[in-house]
């Protein structure tokens with residue numbers, strides 16, 4: 001009986017660990033839905049909270065007749081920061097914190113409700129302070145998205161572009177590269193049509209032209225004989241920065257004459273609503289894909305994962321979602337806490353425009369540096385190797 005009991009116990013432990021692992025992986029999608037619902041609720045409170053929640057005007061953060069609390073406190077959420085603090089350091093599936101991350105949904109619903117109420121009952125100075133922190137968190141979130149994008153591009157390049165020492169053809173990679181560059185330059189042409197209706201739009205002309213220059217520079221650097229990166233990575237990055245350029249121009253206040261307004265019939269309001277919902281869904285998907293890519297943000301990825309280890313880093317997952325919520329909050333209030341925003345608008349204003357332009361330039365600079373840094377490091381290493389024999393010769397001659 002003793003000989004049989006050992007394997008049976010080990011088998012049962014393995015079954016329990018497999019079940020915990022499945023629950024942990026499924027929990028990611030539940031948190032994704034919570035994140036989506038959180039941002040929809042933030043939008044609802046921002047646009048309709050002042051009318052539907054009139055009783056909140058007596059609390060400290062909301063003055064009488066003031067709707068700023070619904071635009072600042074209403075969009076700031078702390079639920080994922082609570083999850084980050086309570087799951088930090090979780091490494092094994094049998095830990096209590098793993099059960100908290102993957103289950104206890106009723107208790108977490110109560111915590112979620114409290115996290116929604118808190119911004120309306122704390123003094124306004126704390127909301128202002130958290131708003132400033134949220135700006136920094138949103139900026140860090142953009143950097144995290146860039147890191148995740150860089151890892152995705154590297155994965156695509158290794159997956160579909162053949163190694164220089166292999167005999168693979170890489171036709172699919174070449175096809176994707178061609179499509180990416182055609183789409184990039186076609187997108188630039190469309191930007192000129194939509195956002196340069198006349199020659200007086202100097203800012204838009206410069207922004208689009210500089211984006212086209214960046215795409216061409218990335219293409220030239222990736223094809224250089226000393227770099228030899230290929231076209232796929234630069235093509236995907238070109239598409240990304242063209243998208244950022246479009247997003248920046250789309251965020252410009254539509255008060256000037258540099259927007260070609262698309263003509264709708266009586267459904268203009270519906271077009272605004274549909275574009276608003278598409279923007280929310282796109283950013284939620286980007287946040288979710290960044291959050292589940294936790295290995296991209298770990299300093300060491302070469303460690304072997306044991307059977308009882310958690311399948312991904314919970315603290316990285318929750319902090320990405322927390323900063324994503326901060327980023328969404330900044331989009332809903334146009335990066336300005338004390339200025340009103342109009343209904344069904346998201347990420348409109350000159351601050352939003354410049355944030356995206358700087359993000360575009362930073363992304364292109366990081367990508368080019370990633371291409372040329374190995375060449376520079378190899379050259380420095382070669383110079384150091386040549387310097388050592390010369391030093392020895394001089395010492396021997398003395």
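Heads up, the Cβ atoms here are built off N, Cα and C, so glycines get one too.
TrEMBL does not curate its annotations; it predicts them automatically.
Sequence annotations record features per position, and here TrEMBL assigns transmembrane segment to 29-46 (among others).
Outside the transmembrane segment (74-93) by six or more residues, the chain places 17, 20-21, 24, 31, 34-35, 38, 42-43, 45-46, 49, 100-101, 108, 111-112, 115-116, 118-120, 127, 130-131, 134, 308-310, 314-315, 318-319, 321-322, 324-326, 328-329, 332-333 with a CB less than 8 A from a CB of the stretch. The transmembrane segment feature in TrEMBL is assigned to 74-93 (among others).
Per TrEMBL, the feature transmembrane segment maps to 105-127 (among others).
According to TrEMBL, the feature transmembrane segment maps to 133-157 (among others).
With a threshold of 8 Å between CB atoms, the same-chain residues lying at least 6 positions outside the transmembrane segment (169-196) that come near it are 156-157, 160-162, 204-205, 208, 211-212, 215, 219, 230-232, 235-236, 238-239, 242-243, 245-246, 249, 252, 258-260. Sequence annotations record features per position, and here TrEMBL assigns transmembrane segment to 169-196 (among others).
Beyond the ends of the transmembrane segment (202-223), by six or more residues, the same chain brings 181, 184-185, 188, 191-192, 195-196, 229-231, 233-235, 237-238, 241-242, 245, 248-249, 252, 258, 357, 360-361, 364, 367-368, 371-372 to within a C-beta distance below 8 angstroms of the stretch. Annotated transmembrane segment per TrEMBL: 202-223 (among others), in sequence order.
Among the features that TrEMBL reports, transmembrane segment is placed at 230-250 (among others).
Here TrEMBL flags 270-292 (among others) as transmembrane segment.
Annotation comment: TrEMBL describes 312-333 (among others) as transmembrane segment.
TrEMBL lists 353-372 (among others) with the feature transmembrane segment.
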